[in-house]
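Engineer: I am attaching a structure below and will ask some questions about it afterwards.
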Amino acid sequence: VVEGLALLDLGVSPYSGAIFHETPLIIYLFHFLIEYAELVFMITDVLTAVALYLAIQDFNKVVFKKQKLLIELDKYAPDVAELIQTPMEMHYIPLKVALFYLLNPYTVMSCVAKSTCAINNSVIAFFILATIKGSAFLSAVFLALATYQSLYPLTLFAPALLYLLQRQFIPIKLKSKSFWFYTMQYASLYLCSLVVLICLSFFLLNSWDFIPAVYGFILSVPDLTPNIGLFWYFFAEMFEHFSLFFVCVFQINVFFYTIPLAIKLKEHPVFFLFVQLAIISIFKSYPTVGDVALYMAFLPVWSHLYRFLRNVFILSCVLIFCSFLFPVLWHLWIYAGSANSNFYYAITLTFNIGQILLISDYFYAFLRREYYLTHGLHLTRQDGTEAMLVLK
Amino acid sequence: FQDQTEQFFRSGHTNNWAVLVCTSRFWFNYRHVANTLSVYRSVKRLGIPDSHIVLMLADDMACNPRNPKPATVFSHKNMELNVYGDDVEVDYRSYEVTVENFLRVLTGRIPPSTPRSKRLLSDDRSNILIYMTGHGGNGFLKFQDSEEITNVELADAFEQMWQKRRYNELLFIIDTCQGASMYERFYSPNIMALASSQVGEDSLSHQPDLGIGVHLMDRYTFYVLEFLEEIHPASQTNMNDLFQVCPKSLCVSTPGHRTDLFQRDPQNVLITDFFGSVRKVEITAETLSLDRDVPGLESKFPEEELATEPLKYAEQLPVAQIIHQKPKPKDWHPPGGFILGLWALIIMVFFKTYGIKHMKHVF
């Protein structure tokens, strides 16, 4: 950002260098705030935490209401009393979420590094807040802002839509007219705000060259500096004529899980949001630990799934060790010269495997709990022996 | 005393150069390489340094796979004299010995990337010895079995050298069949030429060595070398002795020479003028003593001024000033339309979500 502003002062487009790939609104924001950058990032983090706190508070109310409704409708099996969430245990969850975000070492690291990921996180947090509060207009605006910043929150359109539909009590059937009507409304709000934002950015610099520099950069991954993601190593050793194909494959991988998850998790859009956030932060082209911090902040919301999680020990070990090994192997590779990129990429792979394991574990635990809620805790097969639930 | 000094400065040259070329390749032309290396050895022995010798050998005999005595090139049978040794500096080797390169060396038209060892950096006070050997015919000399240089080209090259003032005097020796045809066309001044055979005659080789299996030397060069072995840097032998070197009885061919272009009398030309190296010496009659306090050189700066110059980087700007420096004014400002549009949008969003009723609180 500093380089972009310096280039602007020299009278050149800030995207003419190869470093600056942020949107013009960031230019505008930091034009005035660059001297107070530390304060800005601290305030952003605090805002994110506050937004998450308010969002989860509202979400808890929604969950509780829904639970009450389902109990009264006798949808639950008789012996699942221990699985039902009580207000007592849910009282501290919003505070835990805010604390998880603020005290996460990843958040602290990205704040100290003054990474613009903090701004991304705060926009997404406000989007979540707006969605859970039920305001379609604000949520569309914030989602457009998040998409405008980095392309991947586009996939969060589906969970937000599902949540808003649920809130309006519109049933999700493909033939239903009101479903399509609401979807069109929301989609048009979202697209209009996106278009307005892009045109506004055009007026800032009077040129369209921010589009290839921001979105072309995210999609075509030209810069292969090592990060904690999966793209750089692959594309560093790939032949030129395959790179287009693999770029497409990798990018589709991010957007690919939306529709299957939407079909599976249409009753639980906020969990869908959480899984989608995690998938974005694993498979995006330039992930940072700030993205990891954002979805990890949601883990207390599903602390009631603890009894169904199977890999807690391995996961926590993998994540903690990888976080420590990242700087060690980086130092060995770049400064000491006694390792090579394979070492660092191995840790990247392990870290991402750990994250994927985390999400799949939570996913399985969630589905299992839902199944137990409707079918009772003690599952029996047809012949009466004890049955085990398996994720296929 | 004056005669002696006159004699000292008799010839007009101040430095010596030698260009020694062997133009044939293949193992059975061993003798040509041996010829050139023998002349190289003599010339070095008599004082010309490697930096002033351009040695061009078209093939590598010492490390030739057919050489039963590797790393050696003998010029006498029974392996009496190894002219290869361990301080031979070949400047142009193997396929670099071409007519083009040879002419470029002579005329000085070489690409700027050529190293110094491959250049003939002579000036108008240089005496140059040019020795060529190989297979030749009437008016030409064969290079590398694929091209030849004609006597006309050679004469023109020498004329270029004369016009560019690249030599003071030039001695041209050639040991090939019909070698005299090569110096027939010279027309530049100050050139003396010697050849091993007349037009229509062949130069013959001297001795085969049964251990190595090839002829080791050519006759003419063999006897020239015998003659040169008796020359030392201070000898007064002149060119006329060199002309007598290989009579027909020993050489079978008739050696020839040409001196009409040369301005001095060959009687007065020393062998060491061309084969040896001259060091310019100046004799003075007065003595110079070097004193510590030389009057006339005053220090330009008075002593007091030197100590007060600011020497340290840290002293350049007071620290207090640096801390409170104002940020430099920025040159770029966002356009007014953008700011207006952005804030209008933000206000619109705010009022849309929270209702118009807040307007009255704002205003």
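Even glycines carry a Cβ here, placed using N, Cα and C.
What TrEMBL says about a protein is an automatic prediction, not a curated fact.
So TrEMBL lists these for the protein:
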- A:25-56: transmembrane segment (TRANSMEM)
- A:123-144: transmembrane segment (TRANSMEM)
- A:150-166: transmembrane segment (TRANSMEM)
- A:187-208: transmembrane segment (TRANSMEM)
- A:214-235: transmembrane segment (TRANSMEM)
- A:242-263: transmembrane segment (TRANSMEM)
- A:308-330: transmembrane segment (TRANSMEM)
- A:342-364: transmembrane segment (TRANSMEM)
Engineer: Do at least three C-beta pairs under 8 angstroms join the transmembrane segment (A:214-235) to the transmembrane segment (A:123-144), pairs 6 or more apart in sequence?
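Structural biologist: Counting Cβ pairs under 8 Å (6 or more apart in sequence), the transmembrane segment (A:214-235) does not reach the transmembrane segment (A:123-144), since there are fewer than 3.
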Engineer: Please tell me whether the transmembrane segment (A:25-56) and the transmembrane segment (A:342-364) touch - that is, whether there are at least 3 C-beta pairs under 8 Å between them, with each pair 6 or more apart in sequence.
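Structural biologist: Checked: the transmembrane segment (A:25-56) vs the transmembrane segment (A:342-364), no contact.
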Engineer: Against which stretches of its own chain does the transmembrane segment (A:187-208) lie, if we need a Cβ under 8 Å and a gap of at least six residues from its ends?
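Structural biologist: Those are 13-14, 23-25, 27-28, 136-137, 140-141, 143-145, 147-148, 157, in sequence order.
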Engineer: Cβ under 8 Å, sequence separation of at least 6 from the ends of the transmembrane segment (A:123-144): give me the contacting residues as numbers and ranges.
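Structural biologist: For the transmembrane segment (A:123-144), the far contacts come to 47-48, 51-52, 54-55, 58-59, 62, 153, 156-157, 160, 163-164, 167, 185-186, 189-191, 193-194, 196-197, 270, 273, 277, 294.
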Engineer: Hey, which bits of the same chain come close to the transmembrane segment (A:150-166), Cβ under 8 Å, at least six residues off its ends?
Structural biologist: 120, 124, 127, 131-132, 134, 136, 139, 143, 172, 179, 182-183, 186-187, 190, 215, 218-219, 254-255, 258-259, 261-262, 266-267, 269-270, 272-273, 276-277, 279-280, 284
